[in-house]
Amino acid sequence: MGSEVNRPLADFPANIWEDPLTSFSKSDLGTETFKEKHSTLKEAVKEAFMSSKANPIENIKFIDALCRLGVSYHFEKDIVEQLDKSFDCLDFPQMVRQEGCDLYTVGIIFQVFRQFGFKLSADVFEKFKDENGKFKGHLVTDAYGMLSLYEAAQWGTHGEDIIDEALAFSRSHLEEISSRSSPHLAIRIKNALKHPYHKGISRIETRQYISYYEEEESCDPTLLEFAKIDFNLLQILHREELACVTRWHHEMEFKSKVTYTRHRITEAYLWSLGTYFEPQYSQARVITTMALILFTALDDMYDAYGTMEELELFTDAMDEWLPVVPDEIPIPDSMKFIYNVTVEFYDKLDEELEKEGRSGCGFHLKKSLQKTANGYMQEAKWLKKDYIATFDEYKENAILSSGYYALIAMTFVRMTDVAKLDAFEWLSSHPKIRVASEIISRFTDDISSYEFEHKREHVATGIDCYMQQFGVSKERAVEVMGNIVSDAWKDLNQELMRPHVFPFPLLMRVLNLSRVIDVFYRYQDAYTNPKLLKEHIVSLLIETIPI
């Protein structure tokens with residue numbers, strides 16, 4: 001049947017990791033010697049952190065180093081307690097007005113507090129303006145200060161004009177500043193301009209910062225060695241998780257049964273790794289990666305395989321949540337396979353959630369997938385009718401078709417201690433942080449994949465809808481959508497500030513998923529074009545850091 005049907009197949013780039021099981025070989029770094037050294041260094045780093053409390057500003061800088069080197073998770077409770085105490089008891093706005101508190105320092109203080117949900121006033125940057133309300137010209141001679149200002153400005157929320165000005169000011173000068181900086185600082189500036197720390201994938205940022213920190217005069221050898229060993233030990237765990245997912249994929253015979261989808265095991269794992277890298281989330285990464293593989297197959301099935309009649313039958317079955325697709329339903333075997341594997345996967349998770357005492361969570365998990373499928377179905381209907389939706393119609397459906405509701409819900413599954421039924425109910429209520437993440441996901445993807453999707457029959461994107469409704473150029477539509485994404489980041493930043501409605505670890509999943517989108521889709525669709533992610537995958541999963 002399938003060979004007689006005219007299908008909207010996409011010419012997806014081939015998978016570049018033929019066998020992750022052999023590509024990502026095990027290392028011998030998981031020895032007791034390294035683990036013992038790691039434990040000893042951890043105590044030394046903790047002692048240094050505790051000693052830094054005597055100087056509040058140096059303490060903040062130490063926290064910044066811990067975060068950027070990827071080891072702050074070891075001391076998270078101590079860090080939050082210290083920041084909480086400092087924020088409540090110390091007058092940081094007054095402290096930063098002191099003459100010795102330079103732009104570099106103020107930028108770090110601002111970043112660290114906001115990173116942990118403390119909304120330090122943006123007025124701390126007023127001291128760097130002249131009598132005309134402009135940032136002082138001499139600041140451009142301070143490379144570290146300008147970079148710190150740029151990174152701090154990524155944490156802006158709505159109504160903070162000085163942060164908008166700081167971002168424009170720092171960004172406009174950093175390219176030139178990098179040309180006259182030392183080689184390692186120039187690389188750091190260029191990396192930041194491409195992907196700011198706040199919008200980067202944590203593991204990628206850590207790997208880059210370790211190389212940078214090693215060249216700094218202020219480098220703490222103990223902290224550096226601890227960060228290197230910690231990275232390498234975690235890398236072993238991450239490789240084992242990828243191997244687990246790969247075995248599952250092979251055992252399901254996924255590649256032979258669904259030939260038209262993007263087979264992106266390694267890239268899907270990187271997506272999960274960007275969502276949470278810490279060891280306690282090992283099972284969560286495995287489950288989320290499996291889900292991403294299923295989501296990819298669903299997306300490609302709706303977008304680049306199924307006919308309208310087949311997709312309607314598939315969607316109806318999912319809405320009813322049939323345990324399997326009956327033989328009499330006339331859809332291709334590959335679509336039946338996707339359906340049956342997906343429903344079985346979700347039903348198994350539902351059973352596990354029930355056993356854990358989290359009754360009802362599975363209902364919301366399934367509902368998130370059903371809504372995503374209906375979002376895909378709506379796009380298929382628009383394509384069939386050759387209908388260009390209004391921008392508002394598109395935006396409403398795009399929140400569903402982004403798939404980020406289903407993905408965020410999936411990241412909650414293995415967060416047993418904090419993701420109870422109320423968390424899933426809250427997520428289903430369209431909280432602002434979820435909507436912001438969905439907008440970032442859908443519109444960033446639209447902008448980056450516009451050219452590829454217009455090479456074949458494809459539903460009108462947000463860019464097309466905006467151009468049609470308002471009679472503007474593609475360039476203007478892209479600019480508007482970019483502004484919408486920027487506003488969504490401000491919404492997301494605001495929702496991360498205290499007081500929190502739900503535990504901060506849950507909010508961090510939403511933030512980290514948005515960060516993955518920025519890395520995967522800001523410039524091109526790197527998930528579809530895996531060569532664009534190869535360098536990151538090699539640095540995170542293949543190459544160990546020399547000790």
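The backbone N, Cα and C atoms fix where each Cβ goes, glycine too.
The shown structure was predicted, so the numbers you read here are calculated from the model rather than taken from an experiment.
Pulled from Swiss-Prot:
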type	residues	note
BINDING	Arg262, Asp299, Asp303, Arg442, Asp445	(2E,6E)-farnesyl diphosphate binding site
MOTIF	299-303	motif 'DDXXD motif'
BINDING	Asp299, Asp303	Mg(2+) 2 binding site
BINDING	Asp299, Asp303	Mg(2+) 1 binding site
BINDING	Asp445, Asp446, Ser449, Glu453	Mg(2+) 3 binding site
Just checking the binding-site residues Arg262, Asp299, Asp303: which sit within 10 A of Ser449 (Mg(2+) 3 binding site), CA to CA? none
Cα-Cα, whole number of Å: Asp446 (Mg(2+) 3 binding site) versus Asp303 ((2E,6E)-farnesyl diphosphate binding site)? 14
Using a 10 Å radius around each Cβ and counting other Cβ atoms from all shown chains, which of the binding-site residues Arg262, Arg442 yields the largest count? Arg442
Is the motif 'DDXXD motif' (299-303) packed against any residues at least 6 beyond its ends, judged by a Cβ distance under 8 Å, and which are they? 8, 10, 12, 258, 260-262, 311, 314, 334-335, 338, 373, 376-377, 379-380, 403, 458
With DSSP, how much of the motif 'DDXXD motif' (299-303) is helix, how much strand and how much coil, in residues? 5 helix, 0 strand, 0 coil
When DSSP states are folded down to helix, strand and coil, where does Arg262 ((2E,6E)-farnesyl diphosphate binding site) land? coil
Here are the binding-site residues: Asp299, Asp303. Which has the lowest count of other Cβ atoms within 10 Å? Asp299
Taking only the residues in the motif 'DDXXD motif' (299-303), give me the average pLDDT of this model. 95
Where does Asp445 ((2E,6E)-farnesyl diphosphate binding site) sit in the DSSP three-state scheme? helix
Site diameter for (2E,6E)-farnesyl diphosphate, Å, by largest Cα distance between Arg262, Asp299, Asp303, Arg442, Asp445: 18
Once near-sequence residues are set aside, which residues in the chain of Asp445 ((2E,6E)-farnesyl diphosphate binding site), 6 or more away, have Cβ atoms under 8 Å from its Cβ? Ser402, Ile517, Tyr521, Asp525
If you count the other CB atoms within 10 A of the CB of Ser449 (Mg(2+) 3 binding site), including all protein chains displayed, you should get 18
